[in-house]
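Have a look at the structure below before the remarks.
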Ligand SMILES: O=C(O)c1cc(=O)[nH]c(=O)n1[C@@H]1O[C@H](COP(=O)(O)O)[C@@H](O)[C@H]1O
């Protein structure tokens, strides 16, 4: 599977989203719709972006009891998205239930990936707030292994953890990696970050980039720089 840059469209309206995407002209980048945009606009925003020709990662990070996640995924599967996600900490049973819910009658489904540890979480916060004493990389690899056992297609992790995840789960298990910044960018609330070029070197399959593109003085240039650094020519 080819590497791609996914733009996190963290906007609060379809107008703002379209205004941003129109700057990119005829190109139709892979986009991520997160909670902010989906809660503001609902399923219509997915349909609109699909109609415009974008691939869509619907990032709602489901985390609930298996039955609830299964039923919610049944609804989401009708939206025609290309990728969606759950939290791996919801357990293997929950991930399996989500995966089953996504399957259409003919067995087809979008990619399903699991969030391991959020890229804003430091080793210290994980220990103090979540009471998880293991090393971050080990925790991420363990959650990734659980996702693989549940039959998922991959995980969300930091690019820094892509080699470990591929080592444990195999090269075809996807690493979808936010926590990406250009060297001179502000990290903001992200903790486990690296550049698009380094993410490529570390073997990430997709990078998810928000503010380094959307808040850049020249978002088109920033997107092109991500593609230049990350995507195989
Ligand atoms: O699931 C995600 O997409 C996600 C998981 C994670 O661990 N960290 C993370 O940043 N994200 C999302 O990736 C995007 C990163 O945005 P920026 O920090 O602006 O590049 C945001 O939309 C986050 O919701």
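Any Cβ shown, glycine's included, is placed from N, Cα and C.
Just so you know, TrEMBL annotations are computer predictions that nobody has curated.
Residues or ranges marked as active site, for OMPdecase activity in TrEMBL: 59, 61, 64. What TrEMBL records for 61 is active site, proton donor. The substrate binding site annotation in TrEMBL covers 10, 32, 59-68, 119, 181, 190, 210-211. Sequence annotations record features per position, and here TrEMBL assigns domain 'Orotidine 5'-phosphate decarboxylase' to 4-226.
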Cα-nearest neighbour of residue 10 (substrate binding site) within the listed active-site residues, 59, 61, 64: 59
Listed recorded positions with Cβ under 6 Å from ligand 1, out of 10, 59, 63, 64: 10, 59
Secondary structure at residue 66 (substrate binding site), reduced by DSSP to three states: helix
Between residue 66 (substrate binding site) and residue 59 (active site, for OMPdecase activity), the C-alpha gap once rounded to whole angstrom: 18
Secondary-structure category, per DSSP, in which residue 210 (substrate binding site) falls: coil
Residue among the recorded positions 61, 63 whose Cβ has the most other Cβ atoms within 10 Å: 63
Chain-internal residues, separated by at least six, CB under 8 A from residue 59 (active site, for OMPdecase activity): 8, 32, 33, 34, 35, 84, 85
For residue 210 (substrate binding site), nearby residues of its own chain (Cβ under 8 Å, 6 or more apart in sequence): 7, 8, 10, 32, 178
Integer average pLDDT (0 to 100) for the domain 'Orotidine 5'-phosphate decarboxylase' (4-226): 97
Intrachain C-beta neighbours of residue 64 (active site, for OMPdecase activity), sequence separation six or more, cut-off 8 angstroms: 72, 90, 94
Neighbour count (Cβ, 10 Å) for residue 10 (substrate binding site): 18
Residue pair residue 61 (active site, for OMPdecase activity), residue 119 (substrate binding site) - Cα distance, angstrom, rounded: 14
